[in-house]
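This report concerns only the one structure given below.
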Amino acid sequence: MKTYDAIVIGSGQAGTPLAKRLAMAGKKTAIFEKGLVGGTCINNGCTPTKAMIASAKLAYNAAKCDDMGIHIKGFTVDLPLIKKRKDGIVKTFHNGAQKGLEGTKGLDLIFGEAVFTGAKTISVKLTDGGTEEYTADLIFINTGAKTIIPNILGLNNIDYLTSTSILELETVPQHLLIIGASYIGMEFGQMFRRFGSEVTMLEASPRALPKEDEDVSEEIVNILQGEGITFYADAKASLLGKKTNGEIEAELLIAGKKKHITCSHILIATGRKPQTEALQLQKAGVTLDEKGYVKVNQKLETNIKGIYALGDVKPGPAFTHVAYNDYTIVHRNIVAGANLSIKDRLIPYCMFTDPPLGRVGITEAEAQKLNINYKVAKLPMEHVARAIEVGETRGFMKAIVNADTKKILGVAILGQEGGEIMSVMQMAMMGGITYDEIRFMMFAHPIYSESLNNLFMKLES
Ligand SMILES: Cc1cc2nc3c(=O)[nH]c(=O)nc-3n(C[C@H](O)[C@H](O)[C@H](O)COP(=O)(O)OP(=O)(O)OC[C@H]3O[C@@H](n4cnc5c(N)ncnc54)[C@H](O)[C@@H]3O)c2cc1C
Ligand SMILES: NC(=O)c1ccc[n+]([C@@H]2O[C@H](COP(=O)([O-])OP(=O)(O)OC[C@H]3O[C@@H](n4cnc5c(N)ncnc54)[C@H](O)[C@@H]3O)[C@@H](O)[C@H]2O)c1
């Protein structure tokens, strides 16, 4: 049995920096990784998708640049080259993360799958062969999440794609059927449509992105449909089968009615579930919730003292910046004796469709439920000078404000640079800057944020 001061399971967006900082603080630390250092974000999540989305944006611009007075005589999409560029970026990020761990004094990077054998004991099936037993007083679980595979008749008889395997395609699918229309479905749907695929999207809920306001989900669907994507809400695949010519036949249930389509590829984008099964946390006495997430308190400690869970493996929004923020909280509490918690932290996010959706705070629907005196400001991107100048006027800016205190409660910016404009508003929310101050604040002309003046002017009428 090898003894450490601290053990980190999983080298994701929380585990990697945490392991380094613990070792740098003098704690003898081991980090276990069953796959690739850097976890989902770097290897098969944010980094590769955003790299490929950048290529898709160029294809879109090339296709429509005639309107802007630039004529390109035809263009082709070179998916192997797009993949190669993406692979190069991923490799750089991955190698940097691995080198960072390997170069930290007092930190052992051990490749293998960790399984709990007791309260503070872990057995690791080493990637190079054999098993080794480990123990530490402090254990941090950062094992992330993986794709949920829905129970659809015939699915196991076809070679379906997940958000990981679709990144390896070298040929553009002729017709991509996407099951699930949330972040993953939307980002890949638009990307492959722009690469030239016919794209059909199915969403089981009555509308896409059911957690967003209705006007937001409606506008995003309009944008995707405007680019030629076929979208069905209240829709599921009920039966899938392979035809003799290799095509996939799909029986769909749309609002209870059957419809048959033929496609070449299927992407499963029906959500993700925590990677806790293999950990055998019951042996450590750690409590999971009904969906398999590790239950934690506001300091991210589980019911077992000294065992913590960070990132996607615990309940709550699953984003890279949340996992990273989890690390900063746990690290400062343990190493610097701080008393920080995740309570009331403002969680922004950005869906990287084009235009993107930047979101922070409450939605209009949530404001209604809270029974507060609120007002809604909304400005179409068609009225944003910068958007008109650059030729991308799809979407709108929307803010929910408290009518009494004038504080900003929530923002949805569906438009060019939506994530960046949202971050300006996030800073305002954190700093207590009120909407009437932003109404008259001087912004540089003509940036997108300048139109926040006009957004809040809408509240004067
Ligand atoms: C396609 C896609 C696109 C995304 N895009 C964005 C985006 O644009 N912005 C954003 O904020 N978020 C995005 N996300 C979500 C983001 O990737 C995750 O929220 C983030 O990676 C979670 O980090 P984590 O540290 O919790 O876990 P992960 O990064 O998943 O890391 C967990 C690590 O633990 C390892 N592991 C698991 N079990 C064991 C075990 N038993 N023993 C040893 N090692 C183990 C895994 O191999 C993995 O390396 C995206 C996700 C996907 C799938
Ligand atoms: N830009 C970003 O920040 C970004 C990008 C991609 C992924 N992510 C993260 O990855 C996580 C997973 O994303 P996701 O989009 O897979 O999951 P999700 O949980 O957000 O959405 C899954 C969708 O699939 C639908 N669905 C479920 N079963 C279905 C079925 N049988 N048929 C049709 N529809 C079905 C659900 O109603 C839901 O809308 C998200 O929680 C997000 O945090 C973030």
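Any Cβ shown, glycine's included, is placed from N, Cα and C.
Some features that TrEMBL has for this protein:
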- 4-325: domain 'FAD/NAD(P)-binding' (DOMAIN)
- Cys41-Cys46: disulfide bond (DISULFID)
- Lys50, Asp312: FAD binding site (BINDING)
- Gly180, Ala181, Ser182, Tyr183, Ile184, Gly185, Met186, Glu187, Glu203, Gly271: NAD(+) binding site (BINDING)
- 347-454: domain 'Pyridine nucleotide-disulphide oxidoreductase dimerisation' (DOMAIN)
- His445: active site, proton acceptor (ACT_SITE)
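This view paints the features noted in TrEMBL onto the structure.
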residue: Cys41; record: disulfide bond; contacts (Cβ under 8 Å, 6+ apart): Gly12, Gln13, Thr47, Thr320, Ala323
residue: Cys46; record: disulfide bond; contacts (Cβ under 8 Å, 6+ apart): Thr320
residue: Lys50; record: FAD binding site; contacts (Cβ under 8 Å, 6+ apart): Phe352
residue: Gly180; record: NAD(+) binding site; contacts (Cβ under 8 Å, 6+ apart): Leu202, Glu203, Ala204, Ile268, Ala269, Thr270, Gly271
residue: Ser182; record: NAD(+) binding site; contacts (Cβ under 8 Å, 6+ apart): Glu203, Ala208, Leu209, Ala269, Gly271
residue: Ile184; record: NAD(+) binding site; contacts (Cβ under 8 Å, 6+ apart): Ser163, Ala269
residue: Met186; record: NAD(+) binding site; contacts (Cβ under 8 Å, 6+ apart): Met201, Ala208, Leu209, Ile220, Leu224, Met351, Thr353
residue: Asp312; record: FAD binding site; contacts (Cβ under 8 Å, 6+ apart): Gly12, Thr40, Gly144, Ala145, Arg272, Pro274, Ala318, Ala323
residue: His445; record: active site, proton acceptor; contacts (Cβ under 8 Å, 6+ apart): none
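Summarised by DSSP class, the composition of the domain 'Pyridine nucleotide-disulphide oxidoreductase dimerisation' (347-454) is 42 helix, 31 strand, 35 coil. Between the two most distant C-alpha atoms of the annotated NAD(+) binders (Gly180, Ala181, Ser182, Tyr183, Ile184, Gly185, Met186, Glu187, Glu203, Gly271) there are 14 Å. Residue environment of Glu203 (NAD(+) binding site) contains 26 other Cβ atoms, counted within 10 Å of its Cβ in all protein chains.
Other than Gly180, Ala181, Ser182, Tyr183, Ile184, Gly185, Met186, Glu187, Glu203, Gly271, the residues of this chain whose Cβ falls within 8 Å of the Cβ centroid of the NAD(+) site are, in sequence order, Ile178, Gly189, Met201, Ala208, Leu209, Ala269. If you average pLDDT over the domain 'Pyridine nucleotide-disulphide oxidoreductase dimerisation' (347-454) in this model, you get 97.
Highlighted here would be the binding-site residues (Gly180, Ser182, Met186) whose C-beta falls below 6 Å from ligand 1, but none qualifies. A Cβ distance below 6 Å to any atom of ligand 2 is met, among the recorded positions Ser182, Ile184, Asp312, His445, by Ser182, Ile184. Annotation note: Glu203 (NAD(+) binding site) sits in a coil segment as assigned by DSSP. Under the three-state DSSP scheme, Ile184 (NAD(+) binding site) falls in the helix class.
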